[in-house]
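Among the features that TrEMBL reports, domain 'Dihydrodipicolinate reductase N-terminal' is placed at 2-129. The NAD(+) binding site annotation in TrEMBL covers E46, G101, T102, T103. Annotation comment: TrEMBL describes K52 as NADP(+) binding site. Marked as domain 'Dihydrodipicolinate reductase C-terminal' by TrEMBL: 133-253. If you look up TrEMBL, you'll see H159 marked as active site, proton donor/acceptor. Per TrEMBL, the feature (S)-2,3,4,5-tetrahydrodipicolinate binding site maps to H160, G169, T170. Annotation source TrEMBL lists active site, proton donor at K163.
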Amino acid sequence: MIKVGLIGLGKTGKYIAESILQQDNMTLVAAVCSPNSQKKGMDLSEFLGNKKAEIKITTSDELEATIFKTKPDIMLDFSSSKAAIKNAVTLSNMKVNIVIGTTGFTDKDIEKLKNISREFKNGIVYAPNITLGVNVIMMLSNIAASILNNYDFEIIEMHHKTKKDSPSGTALKLSSEIELGLNSSGIQDKVIPISSIRAGDIVGKHEVLIVGEHDKIEISHESFSRKAFTVGAISAVNFIYKKSGYYEMRDVLNLKELILKYIDSLEDESPESSQA
Ligand SMILES: NC(=O)c1ccc[n+]([C@@H]2O[C@H](COP(=O)([O-])OP(=O)(O)OC[C@H]3O[C@@H](n4cnc5c(N)ncnc54)[C@H](OP(=O)(O)O)[C@@H]3O)[C@@H](O)[C@H]2O)c1
């Protein structure tokens, strides 16, 4: 059994907790809220309305003590960017592996995550874009940019009105994937504008507009429910169990290998190979 803990019991954290409780190979050993949260000391079972969750909710102020007591293999973090960096240092120091779903990190923060995973030799998955669908549109946008390098690229992202970071971590990552695609075909320093909409309870939508002189392509991804995040989070936990090093969701989802297999299949189907 993989012993898993969760930091951040907000809109997404609740779904993640429920999902861990449903896994046959995982046990939920810790649930951590913010220092002044009303959830402090509550039974998680009461909070979730799920009898299987027989643990007391502790705060991130007592993270070290919680780790000593519950000895998780992996902690998932869906809290705030400021808290998540602090938690990552504490957890790495204690040799606990981490899946970070929290967004809003700067490039400096990401560099810090890479450095601490090297220093403490624990495993970190940094996953600001945890769904398979979002990772696929990143890959498609990168490929499109490398082919359509004279087109204009724009990103539109929409989220619920309580989302703190803007633009979303996923939109920033999409723009860097587009830049990588453009760079690979010799285009440097092209600005990719991002428009952000914060309204109602939109779970998460990302659109990439690719606009040329005579035609337009749109690639779009929308999560209908926060349950979409749980599938990726569970895959990331299984992936990082007993591993060390810094990883992102593309490593968890093995996308490079899938693309290489696809390219191989094209070669198998080419007229030359069928004549041979
Ligand atoms: N990777 C992805 O694909 C993905 C998907 C969805 C969301 N996210 C990200 O996950 C994070 C949470 O999203 P959400 O929608 O669940 O937001 P939310 O409803 O605002 O929940 C955030 C939770 O974090 C807790 N928190 C804040 N500071 C904390 C600390 N120091 N220690 C422990 N917990 C702390 C808050 O706890 P209290 O209530 O106890 O104060 C709150 O419940 C955001 O960064 C969001 O962008 C990422």
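The backbone N, Cα and C atoms fix where each Cβ goes, and this holds for glycine too.
Sequence features, as recorded in TrEMBL, placed on the structure.
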{"residue": "E46", "record": "NAD(+) binding site", "contacts (Cβ under 8 Å, 6+ apart)": "none"}
{"residue": "K52", "record": "NADP(+) binding site", "contacts (Cβ under 8 Å, 6+ apart)": "L21, S45"}
{"residue": "G101", "record": "NAD(+) binding site", "contacts (Cβ under 8 Å, 6+ apart)": "T12, I16, L76, D77, F78, A127, P128, I130, F229, A233"}
{"residue": "T102", "record": "NAD(+) binding site", "contacts (Cβ under 8 Å, 6+ apart)": "G8, D77, F78, S79, S80, S81, A83, A84, P128"}
{"residue": "T103", "record": "NAD(+) binding site", "contacts (Cβ under 8 Å, 6+ apart)": "S81, P128, D165, S168, G169, T170"}
{"residue": "H159", "record": "active site, proton donor/acceptor", "contacts (Cβ under 8 Å, 6+ apart)": "S168, S196, I197, R198, I202, V203, G204, K205"}
{"residue": "H160", "record": "(S)-2,3,4,5-tetrahydrodipicolinate binding site", "contacts (Cβ under 8 Å, 6+ apart)": "K11, R198, A199, G200, D201, I202, V203"}
{"residue": "K163", "record": "active site, proton donor", "contacts (Cβ under 8 Å, 6+ apart)": "R198"}
G169 ((S)-2,3,4,5-tetrahydrodipicolinate binding site) in three-state DSSP notation: helix
Annotated recorded positions T102, T103, H159, H160, T170, filtered by Cβ under 6 Å to ligand 1: T102, T103
Listed in sequence order, residues not in H160, G169, T170 with Cβ within 8 Å of the centre of the (S)-2,3,4,5-tetrahydrodipicolinate site Cβ atoms: T103, P128, E157, H159, K163, D165, S168, A171, G204
Neighbour count (Cβ, 10 Å) for G169 ((S)-2,3,4,5-tetrahydrodipicolinate binding site): 20
Structural state census, the domain 'Dihydrodipicolinate reductase C-terminal' (133-253) (DSSP three-state): 50 helix, 33 strand, 38 coil
